[in-house]
């Protein structure tokens, strides 16, 4: 069911309704965090860009209507996902922000109008427009003309160090070139760009992997990301990667008036810029026209593009416009319509997920969509199938929504022959034969057998995943073998595995078995939050697990907590609380936890907020830069002392902490009568001052 538009949403004052909204917001945040991790960290997205955009738009719309329900850790305040731990972290001196998305002519014109309102100037603006390449964002730092550090975008603030890998890309200069006019090279240059793989190179690489019986990459973006994130740079060197530069962070020793001048300079220094396709537009009508032109020509580009990037050309105006929490005000991405093709549904099968969800999946006659052969597409649920009137045998339009994930858009009813068959979801689980049903208000059908082997396998995969117990090397194929050989039936059995058990498995050698035993042992030292998340309780994502862990402190307290106890924790609603209580009321779940603890799982001490602190219950907002700590550290300190860190300023905010170069919040705080304190006063208030 599509989300309501912003125009159709209206705030409500009813207390119960507001609690319901808070619950919806938390579910949206959990979903977005999960999909951020799948997209940015694992390079393995589960939903289309279009579906993600709808989730994010719904979140932004609800938060705009209920600003007091915005949490400091909301994805609306973030850029991407945390970097993987296998590379050393690199902190960006200036954030690598994402771009606001626009989806049509109206959005583009609305952006132009908002910029002019912000600048209080109605005169036409110059914009640069260029193709939005579907790759991996990186930053290159040149010091005195030499490449010193290269990093991925990561979460926008901290990325992964991929310097050795970047140096293997032939289009990336190790040393900058002095321009023909002999003008100096900047002493410091932080250049941003996109690493990508051309479509022909991607097809050749996948053909090579097919011959070697290796897993195929889903698309050029995943291939580029996977190739760049290799611990062995020699692997990256064998992959056909490319890079275009599109902007800068810090720069010293050079100054420019326009974005276009900057691109010309980057090219003069030997950096690769997509100059032939960057167009200067002097009116918003020209911007709209060129966006349409790029979309029409997209299949002719040697690389995948999923939109156009539009930027205010004057750099001084970019500085005046500044940025919002996760995107600059002076640029946006115009997203193109997804690529679509026609094919036929040959069958529909039902898959069983970790929580017992039964998901119908369409088997398709293979068709190339956006450069990738698509054979399967999710149909979501029976309601979606009925709404679209999808039948087995139908000729359908399929798209890689967001140019990534395949989905069935609609059947072409005019091509029906009468041989098509209506599909109805089974009343029994297709794996275990157990009864299937759904709760009131839910559209998802679930297997009701708690001992379903399909659920058990998915639960085990979740338990060992990176965000949970993080047992590296224990993947899908090994788990399947362990189940088939009767070596494990549940999560606790993992901790009873020995070397002799693992060495019996296919394609497991002595070193792999030793590494896996070591990873299992290492996972015993974890946090309570990770453990709670690993249990796979419905509605409990990583953030909710953190809230429970902090709010109740230990596993025994959580086991004995009532629905009222849990729903008192800020950020947890009745539905989530009820799900947690139901989980711990199940004797088999309690027995599983006892066995896990008996196997040696230990938790780090949970830091609880200081209830008696002088700032207990007080709300803080920060503007500007703090000299003694990062903003994230200040947030942790506030929470530790029992205070609340907020990102939306209102008359109910207790303190505004003003650091260096404060933003517009400072003036707003004065108007609202919010108490303003400097950094030293803040440190004294939280008990961290020198005096």
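Using the three backbone atoms N, Cα and C, a Cβ is placed for every residue, glycine included.
TrEMBL labels come from automatic prediction, so no person has curated them.
Quick look at what TrEMBL annotates:
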- 49, 50, 51, 52, 53, 98, 99, 130, 153, 194, 311, 335: NAD(+) binding site (BINDING)
- 132: active site, N6-AMP-lysine intermediate (ACT_SITE)
- 429, 432, 447, 452: Zn(2+) binding site (BINDING)
- 610-691: domain 'BRCT' (DOMAIN)
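Cβ neighbour count for residue 452 (Zn(2+) binding site): 20 (other Cβ atoms within 10 Å of its Cβ, all protein chains included).
Cβ proximity to the Zn(2+) site centre (mean Cβ of 429, 432, 447, 452, cutoff 8 Å) flags the following additional same-chain residues: 352, 356, 428, 430, 431, 433, 434, 436, 448, 449, 453, 454, 455. The secondary structure of residue 311 (NAD(+) binding site), as reduced to three states from DSSP, is extended strand. Taking the binding-site residues 99, 447 in turn, the residue surrounded by the fewest other Cβ atoms inside 10 Å of its Cβ turns out to be 99.
When the Cα atoms are compared, residue 432 (Zn(2+) binding site) and residue 51 (NAD(+) binding site) turn out to be 31 Å apart. Ranking the binding-site residues 51, 53, 452 by the distance of their Cα atoms from the Cα of residue 132 (active site, N6-AMP-lysine intermediate) places 53 first. The most densely surrounded of the recorded positions 132, 153, judged by C-beta neighbours within 10 angstroms, is 153.
Residue 53 (NAD(+) binding site) and residue 447 (Zn(2+) binding site) have their C-alpha atoms 30 Å apart, to the nearest angstrom.
The closest partner of residue 452 (Zn(2+) binding site) among the binding-site residues, by CA position, is 51; the full candidate set was 51, 99, 153, 311. In this structure the C-alpha atoms belonging to residue 99 (NAD(+) binding site) and residue 429 (Zn(2+) binding site) are separated by 43 Å. Under DSSP, residue 132 (active site, N6-AMP-lysine intermediate) is assigned to a strand (E or B) in the three-state scheme. Other Cβ atoms within 10 Å of the Cβ of residue 53 (NAD(+) binding site) number 16 in total over all chains. For the pair formed by residue 311 (NAD(+) binding site) and residue 447 (Zn(2+) binding site), distance between Cα atoms is given as 50 Å, rounded to the nearest Å. In this structure, 432 is the one among the binding-site residues 429, 432 with the smallest number of other Cβ atoms inside 10 Å of its Cβ. According to DSSP, residue 447 (Zn(2+) binding site) sits within a strand segment. Geometry remark: residue 447 (Zn(2+) binding site) versus residue 51 (NAD(+) binding site), CA distance 26 Å.
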